[in-house]
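A short worksheet on the structure shown next.
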Amino acid sequence: MRLPWRAVPPPVRTVSSVPAGRLNFVPACSTADGASLELLRDFVSRARRLFVITGAGFSTESGIPDYRSEGVGLYARTDRRPMQHAEFTRCAKSRQRYWARNFVGWPQFSSHQPNRGHAALRRWEDGGRLHWLLTQNVDGLHSKAGQKRLTELHGCSHRVTCLGCGDVTAREDLQRRFVSLNPEWTAQAGAVAPDGDIFLEDEQVLNFRVPPCERCGGILKPNVTFFGDTVDRATVRFVHNRLAESDSVLVLGSSLQVYSGYRFLLAASDRKMPVAILNIGPTRADHLAELKVSGRCGEVLAALQPL
Ligand SMILES: [Zn+2]
């Protein structure tokens, strides 16, 4: 459904970027200008049932690096790539390496806190403006901020699932099991990846002990969708239904390069819903948006208050 106030979408608006570099994991970008802020404020204030999609760029202001941002994302800073689903399920050594790194990175990764952007979306929910929030992030920060009308499309790293019986447990509980199983085990901390992964030498990993599921002895996996895996069909259907109930779409901090998120922009386009994007750098859905603003999500959303 297209909202009545604008019959024809105007051309996509963009704001040029200049280096700033105050926060380590936030790509260089100028502060969004006043005119862009007003257009975005106008877009959000007209929405009655806003559907919001957040991505890795939304968490960088909480100190979590993303994968793709130019210059600062993990793809730019290292030659590491995220764990592939097939490798995790097929290879015990890969799982041992993954969990050893995850064990070391967990205390820091789990300590990250929601930023101003998360707080703003919580206020939009409380005020009845936000109909549904879809996040591609697995850091649990929207939940920490108290968001209720939320789908974590790719799961959440604060939970663990058993590939055998499907039992879901708290990641924090697994950390305690790791500690008791590996009393002598120490490792050097390195750079923490968005999924809590970390750098370790091969020899450090060899002696790390990974416990099985306590119920069935099966393989434990973070309750997140690894690269190469697909999002559960029921979840996709559920999100499409929430999108259909909404009146406009706002993308925050995502380049939408992954199809599992991009498909909802295609659906929004089919429904002729107005789309706005706030992101540093280009996105896959720029051609579908009537408004594109470049800026840091937390900073911009805080500047939009009160709506
Ligand atoms: Zn099990």
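Note that Cβ sites are derived from N, Cα and C of the backbone, with glycine treated the same way.
TrEMBL lists 30-307 with the feature domain 'Deacetylase sirtuin-type'. Taken from TrEMBL, the feature NAD(+) binding site covers 55-75, 136-139, 253-255, 279-281, Cys297. Sequence annotations record features per position, and here TrEMBL assigns active site, proton acceptor to His154. Residues or ranges marked as Zn(2+) binding site by TrEMBL: Cys162, Cys165, Cys213, Cys216.
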Other than its own, how many Cβ atoms are within 10 Å of the Cβ belonging to Cys165 (Zn(2+) binding site)?
12
In DSSP terms, helix, strand or coil for Ser59 (NAD(+) binding site)?
coil
Cβ under 6 Å from ligand 1: qualifying recorded positions of Ser59, Asp139, His154, Cys162, Cys216, Asn279:
Cys162, Cys216
What's the most sparsely packed of the binding-site residues Cys162, Cys213, Cys216, counting other C-beta atoms within 10 A?
Cys216
Find the shortest Cα-Cα separation between Cys216 (Zn(2+) binding site) and the binding-site residues Ser59, Asp139, Asn279, and name the residue that gives it.
Asp139
With every protein chain in view, what's the tally of Cβ atoms within 10 Å of the Cβ of the residue listed as 'active site, proton acceptor', excluding that atom itself?
22
Counting every protein chain present, what is the number of Cβ atoms, excluding its own, within 10 Å of the Cβ of Ser59 (NAD(+) binding site)?
29
Cys165 (Zn(2+) binding site) to His154 (active site, proton acceptor): how many Å between their Cα atoms?
20
